[in-house]
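The annotation [4Fe-4S] cluster 1 binding site is assigned in TrEMBL to C60, C65, C71, S300. If you look up TrEMBL, you'll see C86, C90, C93 marked as [4Fe-4S] cluster 2 binding site. Summarising the annotation, TrEMBL assigns compositional bias 'Basic and acidic residues' to 13-27. What TrEMBL records for 348-359 is compositional bias 'Polar residues'. Positions annotated as domain 'Radical SAM core' by TrEMBL: 72-289.
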Amino acid sequence: MRTVMPRDLTIPDQRHPEKAHRPETARQPKPAWIRVKAPTSAGYRATRDTIREHRLVTVCEEAGCPNVGECWSQGHATMMIMGEICTRGCTFCNVATGRPDNLDTFEPGRVADAVARLGLNHVVVTSVDRDDLADGGAGHFAQTIRAIRHRAPGTTIEVLTPDFLRCGPEALETVVAARPDVFNHNLETVPGLYPEVRPGARYFHSLRLLQRVKELDPQIFTKSGIMVGLGEDRQSVLQVMDDMRSASVDFLTIGQYLQPTSRHHAVVRFIHPDEFGAFERAAWGKGFLMVSATPLTRSSYHAGNDFQRLREARRKGLRMAMDNGLNNQESRMEKWSGHEGTGGDEASLSSSGNPRGIT
């Protein structure tokens, strides 16, 4: 019997076997505005130890996030559930591809315990794509949300989900019914680049997913993000913003794409911080409640602080709407008062099809 050796996911060719046929592209040196310090703090080590103790996977490590040192030093980590192997093979992503293991039924509890141990005010839970599961892992997401609510009731919860492309509508409904505070699903790039960058996904399906969340529960904040530097143009980015707003997305993130290995999609261009500033101004103008657009922006970067600002933006909008409603009501009352005794009110009501005296 032939012995099958386990994969070593630290070796790029074993981590990404689906990319073996792709031509190698040398990675460009990063510009000065993308340099980050190596993680060395005691806070970083404490977070790392908690993650290891609970046998958890984080997208911070699996995706090679440049902000891991900053976030972990503050006790923030993005939990990645349902394993470390994804069923998709997006050309931008550093998460390993292949056949995943069976779900760990105890994982939701371990995630909840880690959240409580870290004392998180806000937690982000994401996952690999699990096209091998009938519900795409929706039930596991819901169990994790409920476990966190039980173990850490004061923690707000943000989920970053796959697209549930091969599932029925009940998959999304299961996650929404668990009532996360924020539902995030990234569009990742402009639609014209999907065949090359995100071949297993469908742009308008992802857009509809975000729209459907709002239809199911308007109180849940929705969030989505894209990378730039993949070869898109400015107009296509602005069009994605319009598409997101048409789906009532509340929060937009835009960050610089960084090439994980020579077999991944190449960085076409490093976008200057001034251009990110222009994207941010455009997004505010389109009506997003919250925008984060910088070279180092990632979906979970400063997610807790951004959630507080997002919630305050909604409250401010509601207060303004109430104030405008009261002002309009007072204006109508003044107009009504001015018409009393002149017969104008009777004529006005009569013309509206509701004449005085008819009950």
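A Cβ is built for glycine as well, from the same backbone N, Cα and C atoms used for every other residue.
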Secondary-structure category, per DSSP, in which C93 ([4Fe-4S] cluster 2 binding site) falls: coil
For C90 ([4Fe-4S] cluster 2 binding site), nearby residues of its own chain (Cβ under 8 Å, 6 or more apart in sequence): E188, V197, R198, P199, G200, A201
Other same-chain residues whose Cβ falls within 8 Å of the Cβ centroid of C86, C90, C93, the recorded [4Fe-4S] cluster 2 site, in sequence order: R88, G89, F92, N94, V95, T97, V128, D129
Length of the line joining the Cα atoms of C93 ([4Fe-4S] cluster 2 binding site) and S300 ([4Fe-4S] cluster 1 binding site), in Å: 16
Neighbour count (Cβ, 10 Å) for C93 ([4Fe-4S] cluster 2 binding site): 22
Cα distance (Å, whole number) from S300 ([4Fe-4S] cluster 1 binding site) to C86 ([4Fe-4S] cluster 2 binding site): 19
Fewest Cβ neighbours within 10 Å, where candidates are the binding-site residues C86, S300: C86
DSSP three-state assignment for C86 ([4Fe-4S] cluster 2 binding site): strand
